[in-house]
Amino acid sequence: MAHAHIQGGRRAKSRFVVCIMSGARSKLALFLCGCYVVALGAHTGEESVADHHEAEYYVAAVYEHPSILSLNPLALISRQEALELMNQNLDIYEQQVMTAAQKDVQIIVFPEDGIHGFNFTRTSIYPFLDFMPSPQVVRWNPCLEPHRFNDTEVLQRLSCMAIRGDMFLVANLGTKEPCHSSDPRCPKDGRYQFNTNVVFSNNGTLVDRYRKHNLYFEAAFDVPLKVDLITFDTPFAGRFGIFTCFDILFFDPAIRVLRDYKVKHVVYPTAWMNQLPLLAAIEIQKAFAVAFGINVLAANVHHPVLGMTGSGIHTPLESFWYHDMENPKSHLIIAQVAKNPVGLIGAENATGETDPSHSKFLKILSGDPYCEKDAQEVHCDEATKWNVNAPPTFHSEMMYDNFTLVPVWGKEGYLHVCSNGLCCYLLYERPTLSKELYALGVFDGLHTVHGTYYIQVCALVRCGGLGFDTCGQEITEATGIFEFHLWGNFSTSYIFPLFLTSGMTLEVPDQLGWENDHYFLRKSRLSSGLVTAALYGRLYERD
């Protein structure tokens, strides 16, 4: 279901929506990008405008696109036939640019694979590829200089759109670059083929290009010899970073660009297949914005039958997003975005009175003598109803990983569960008990399905049913309300806070940060039932 959510208001029913989340703070998770094929028609979408009146903002747009796909991506076709298909998608792009221009949009982002589609072989994608000169070497305006290079029709159209809309434009396409046999890495067919993002300024100049580094089962494309660490400057918001889809889970280029170039804004074309409970598209987008205190402009393709939906304009404190697994329509999101994003309140700069639950949390962390630690519970002088018996530990598969979990029973309690070196802790209270099973899970190890990467995860999840073996299943609805602290002794500083409530709603934590060498997330007053609250740590050096 898709719906709108505005802090302080009631949920409004809407057939197609952008979910608007305003508020003190926000965070979320991560995911896998993939591609399969299905023929879907073209739709031009609705658009949502989020209105804010900050002095220092710019207007951004992201477009979730139900791309018109090749009916047979394995077939060998002519360049002309390939252009006919791509021009159908580009016609829709142009309509979105003109709609955005009427709203004074200054930058628009289109999704990965939105122009050419997916599931090609190296040979069958060739007619879809544009020649790509290096913007570092050649200054070029494709719209004004269309005959300078052959096989650049897609680049020309995108350049002209940027001019017509008077906006920066970010899009993704397949590109080719010839190589010489003297190059030991040159493929046998004499060319490199790249999954490429391009950036045009509002005057149509090709500002830069980024070639995807972390391919996700994309046999049609090559990995660049060196990682493209690409940033571009704008007159309206300063410096932006750029990367694509699966890149978000790896150090290069995503983390390195943020660390080395001090960017406050990221443009992020993606073709992301949702996988709950931890890796939905809007989860990772939001988590990235919160973890680094930046703005993320994320555009996904829209193919619900493939599990592909979820785009958004995310700041650390609010999100304007779209997720709809039922409707085939596209969606244009437009929002005003702060030039200087404000981050969440961390442990080190929190002010005001500490609430009782936080005092309890701090006592437990400090090993306060008023608290006696047992295997699974803590008895503090003011706590009367902790879990008397330690709940059983069990194992269940979540996201293809073997999690160790404990059930979350009762209206209040303190639990912990450990695996390898990671221990996860939960201090919670519930106003009422729901007829649902929740569990606290831990995983510390190498994830090896659909990519290989080392993760440390502490997760509070609603299980699919009442049996322990249902914990880790994909669910989107829940009624359980919690006030809680979730924390763990992570051995990485790269921790992404995942927070999802009923109906694919992005939730805002009250506080995040380090306390006594443990990273914690605190939340009270959920807006709807809890689906997932997790801390997703990445140990890049152990990949």
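Each Cβ is built from the backbone N, Cα and C atoms, and glycine gets one as well.
According to Swiss-Prot, the feature signal peptide maps to 1-41. According to Swiss-Prot, the feature domain 'CN hydrolase' maps to 72-351. For Glu112, the entry in Swiss-Prot reads active site, proton acceptor, with the evidence type sequence analysis. Marked as N-linked glycosylation site by Swiss-Prot: Asn119, Asn150, Asn203, Asn349, Asn402, Asn489. If you look up Swiss-Prot, you'll see Lys212 marked as active site, proton donor. As annotated by Swiss-Prot, active site, nucleophile applies to Cys245, with the evidence given as sequence analysis.
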Check: Hey, which of the glycosylation sites Asn119, Asn150, Asn203, Asn489 is the loneliest by Cβ count within 10 Å?
Finding: Asn150
Next item on the list: State the three-class DSSP label for Cys245 (active site, nucleophile), counting H, G and I as helix, E and B as strand, and everything else as coil.
Entry: helix
Note to self: Quick check on the recorded positions: of Glu112, Cys245, Asn402, whose CB has the lowest count of neighbouring CB atoms inside 10 Å?
What the structure shows: Asn402
Notebook entry, point to check: Taking the Cα atoms as reference points, how far is Asn203 (N-linked glycosylation site) from the residue listed as 'active site, proton donor' in Å?
Noted result: 25
Next item on the list: State the Cα to Cα distance, in Å, between Asn402 (N-linked glycosylation site) and Cys245 (active site, nucleophile), rounded to an integer.
Entry: 25
Check: Which residues of the same chain, at least 6 positions away in sequence, have a Cβ lying under 8 Å from the Cβ of the residue listed as 'active site, proton donor'?
Finding: Phe194, Asn195, Thr196, Asn197, Glu218, Phe221, Phe243, Thr244, Cys245, Phe246, Asp247
Item checked: Top Cα neighbour of Asn119 (N-linked glycosylation site) in the set of recorded positions Glu112, Asn150, Asn489 -> Glu112
Next item on the list: Could you measure between Asn489 (N-linked glycosylation site) and Glu112 (active site, proton acceptor) for me? Cα positions, answer in whole angstrom.
Entry: 36
Item checked: DSSP-derived structure type at Asn119 (N-linked glycosylation site), helix or strand or else coil -> coil
Next item on the list: Please report the DSSP secondary structure of Asn402 (N-linked glycosylation site), reduced to three states.
Entry: strand
Next item on the list: For the domain 'CN hydrolase' (72-351), provide the mean pLDDT of the predicted model.
Entry: 97
